[in-house]
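Here is what Swiss-Prot says about this protein:
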- Asp10, Lys32, 59-68, Thr119, Arg180, Gln189, 209-210: substrate binding site (BINDING)
- Lys61: active site, proton donor (ACT_SITE)
Amino acid sequence: MTSKIIVALDYEKEEEALCLVDQIDPSLCRLKVGKEMFTTLGTKFVKALHDRNFDVFLDLKFHDIPNTVARAVRSAADLGVWMVDLHASGGLRMMEEAKKILEPYGKDAPLLISVTVLTSMEDLDLLQIGINASPMEQVIRLANLTQRAGLDGVVCSPQEVEILRANCGKDFKLITPGIRPIGSDFGDQRRVMTPAGAIQAGSDYLVIGRPITQADNPAEVLKSINASLPVNR
């Protein structure tokens, strides 16, 4: 598996999601399962995706006391997911305990990444929750904390990639939502970029939802996006 595309499965019903999944090739993408689908369908849905040979990013953004988050991360590892995330704003100790609990899994441990600042948030949104910093400043602060905790990477907007690469180095994974092929609607994302632009900026993985899942021919759109990506990244 070398694809940089993670398809976001944002559906209300299992049959709708599996209809899409059965149209696309697991060698061309991974799949993201978020709060809505996981709350409704649970672990059996993740297992159904695994049975179809897809790697799964379990996007539940854990944020709780350290012991609770660590146990949740361990449950994700037992489920066999490829990647799982938590909120960096939960603090250093929370992230360190989550990372430590994965040690017994060795090379089979999922990638553990953090969410810094949601891509829907702008300066005013941060100010309204008491953070007197720009999204970029807060992202850098939380990405540095994430790296200090030993996690594998962060979710970040494409506009933040270059500065995070400079701050965190080439081995720190950068997972980028807010990806919209040319001509797509921005939806609820505020900081967006095309797939090729994000890879050129230094993203490792691109999270793409509606441009693929709502396409008339999802398989062809997925192939087209993969073909558009720079080959030297």
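Placed from the backbone N, Cα and C atoms, the Cβ positions cover glycine too.
Since we're looking at a predicted model, the values are computed, not measured.
Taking a C-beta cut-off of under 8 angstroms and a sequence separation of 6 or more, Asp10 (substrate binding site) has the following same-chain neighbours: Gly34, Glu36, Met37, Gly209, Arg210, Thr213. The two recorded residues Thr119 (substrate binding site) and Lys61 (active site, proton donor) have their Cα atoms spaced 14 Å from each other. Under the DSSP three-state reduction, Leu60 (substrate binding site) is assigned to strand. In the three-state DSSP scheme, Pro66 (substrate binding site) falls into the helix class.
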